[in-house]
Amino acid sequence: YYLLSAFIFGISGTLISVLMRIELYSSGNRIISPENQNFYNVSITLHGLLMIFFLVMPGLFGGFGNYFVPIFQGSPEVVYPRVNNFSILVLFLSYLFVILSLISEFGGGTGWTLYPPLSTSFMSLSPSSTANLIFGLLISGISSCLTSLNFWVTNLNLRSYCLTLKTMPLFPWALFITAAMLLLTLPVLSGAFLMVFADLHSNTLFFDSVFGGDPVLYQHLFWFFGHPEVYILIIPAFGVISIVISGISQIIIFGNQSMIFAMSCISLLGTVVWGHHMYTVGLETDTRGYITGVTILISLPTGTKIFNWLSTYLGNPPLLHLKTNSAFFALLFLLMFTIGGSTGVILGNAAVDLGLHDTYYVVAHFHFVLSLGAVIAIFSGIIFNGEKILGSKSLLPSPSSTLSLYHFGSTFFGVFLTFSPMHFLGFNVMPRRIPDFPDSFHSWNF
């Protein structure tokens, strides 16, 4: 159910992104009328929320997690099966609220971050659609929290006899760490959303600077969740890639213990660097120095993981790996994630970020890590484990068939052609969230 719902929700999010790409294919207002620029912002908002909360999280965390955590640790089931059932059922309700925001009033064109004052006070175009978005995300957060609690307790209390935390495979470890981050940060996000909701409908003044509120407080609360969130999305992908690479190489991942330490370090460091999303709000120099230093520090455990995966590959006869399509996808993940991580190191520097903030360079960076990292990990995992998941060879094309090679080729060239030019647009400071651009940007957008 998780994988199927992720597939359905992901299609709706992808269609919205196709709409945005058609709009940006050349300059001028092409399909979004000049009178309704808000619709472009609505589509950006929905694309971001649907992809993050309704494709990657249910797919990687809910779907693969429910499937493989009990298998990997030899337990018959997760600890709370009915809570698990509740988690998947309320996901559809939250999707309904998010889609409802599209058709109530003018749609919530706040961006996926729901920053005040766009989401509060008189500047909010549509209080009811913003409220729908908030309700949808709160329900989705409840679902994620319950699933996290379930995995956490299952990992600790329902392991097979003689399987210690030290010998537990990498995939359950990845989910264990992800669940801890979700349980730590989701309540903060829920609090921030409830404050926005109160500002919007109950005359409170948390974020209204005219009356002594503080819009920057919202950014702190949001990004305290928002930065760990990107690791919540990518750490289960690390687990899936570890399964695939280990399975194809027929060998345990090189430096197994260091992989566990690396994931733990990434989650710890990732929780204390939220400030690099808001260098431009006027953080003092000391804070910016600290945030820059710790952000760049995250590249060390990440580099460790990349080299361990490569070492697992290279320690075996190379022909063995190239028989299956999931191996190609796993290698593509390593390539894309490395590129995305490198641009992240560049953006982590406060001085550089002040110039590149809110340009397409940032968009290129996180799409390389997420849409070309997390989504490709989902592909790789489904292709590699498809036979086990469906219990039949005949329902999926075989991983070495021509059809799956076409899938790989079109994905590879499609994503590369879509997201590489954004780096160049960003360096020429084309701002994001704007549906039109000067003719000088035409070639890269085209």
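Along the chain as shown, residues are numbered 1 onward.
Every residue, even glycine, has its Cβ placed from backbone N, Cα and C.
Annotations in TrEMBL come from automatic prediction, not curation.
Per-residue pLDDT, averaged along the domain 'Cytochrome oxidase subunit I profile' (1-446), amounts to 91 for this model. Residues or ranges marked as domain 'Cytochrome oxidase subunit I profile' in TrEMBL: 1-446.
TrEMBL lists 6-24 (among others) with the feature transmembrane segment.
Through the fold, the transmembrane segment (44-68) approaches residues 2-3, 5-7, 9-10, 12-14, 16-17, 20, 78, 84, 87-88, 91, 94-95, 98, 101-102, 107-112, 133, 136-137, 140, 144, 147, 151, 171-172, 175, 178, 229, 232-233, 236-237, 239-240, 243, 370-371, 374-375, 377-378, 381, 385, 389, 433 of its own chain, all at least 6 residues removed from its boundaries and within a Cβ separation under 8 Å. Taken from TrEMBL, the feature transmembrane segment applies to 44-68 (among others).
What TrEMBL lists as transmembrane segment is 88-112 (among others).
With a threshold of 8 Å between CB atoms, the same-chain residues lying at least 6 positions outside the transmembrane segment (133-153) that come near it are 45, 49, 53-54, 57, 61-62, 65, 69, 78-80, 83-84, 86-88, 90-91, 93-98, 100-101, 108, 110, 114, 175-176, 178-180, 182-183, 186-187, 189-190, 193-194, 196-197. As annotated by TrEMBL, transmembrane segment applies to 133-153 (among others).
Taken from TrEMBL, the feature transmembrane segment applies to 173-197 (among others). Nonlocal intrachain contacts for the transmembrane segment (173-197), taken as residues 6+ away from its ends with a CB within less than 8 angstroms of a stretch CB, comprise 61, 65, 69, 114, 116, 119-120, 130-131, 134, 137-138, 141, 144-145, 147-149, 151-152, 155, 204, 206-207, 218, 221-222, 224-226, 228-229, 231-232, 235-236, 238-239, 242, 259-260, 263-264, 267, 270-271.
Marked as transmembrane segment by TrEMBL: 230-253 (among others).
Under the heading transmembrane segment, TrEMBL lists 259-277 (among others).
Here TrEMBL flags 289-307 (among others) as transmembrane segment.
The transmembrane segment feature in TrEMBL is assigned to 327-348 (among others).
TrEMBL lists 360-384 (among others) with the feature transmembrane segment.
Per TrEMBL, transmembrane segment is recorded for 404-425 (among others).
Note: the stretches the transmembrane segment (327-348) and the transmembrane segment (88-112) are not in contact (fewer than 3 CB pairs below 8 A, sequence gap of 6 or more). Non-local neighbours of the transmembrane segment (230-253) in the same chain are 52, 56-57, 60-61, 64-65, 68, 170-175, 177-178, 181-182, 185, 259, 263, 266-267, 270, 305, 308-309, 312-313, 315-316, 320-321, 324, 326-327, 329-330, 333-334, 337, 366, 369-370, 373-374, 377-378, 380-381, 384-385; each lies 6+ residues outside the stretch with a CB under 8 Å from one of its CB atoms.
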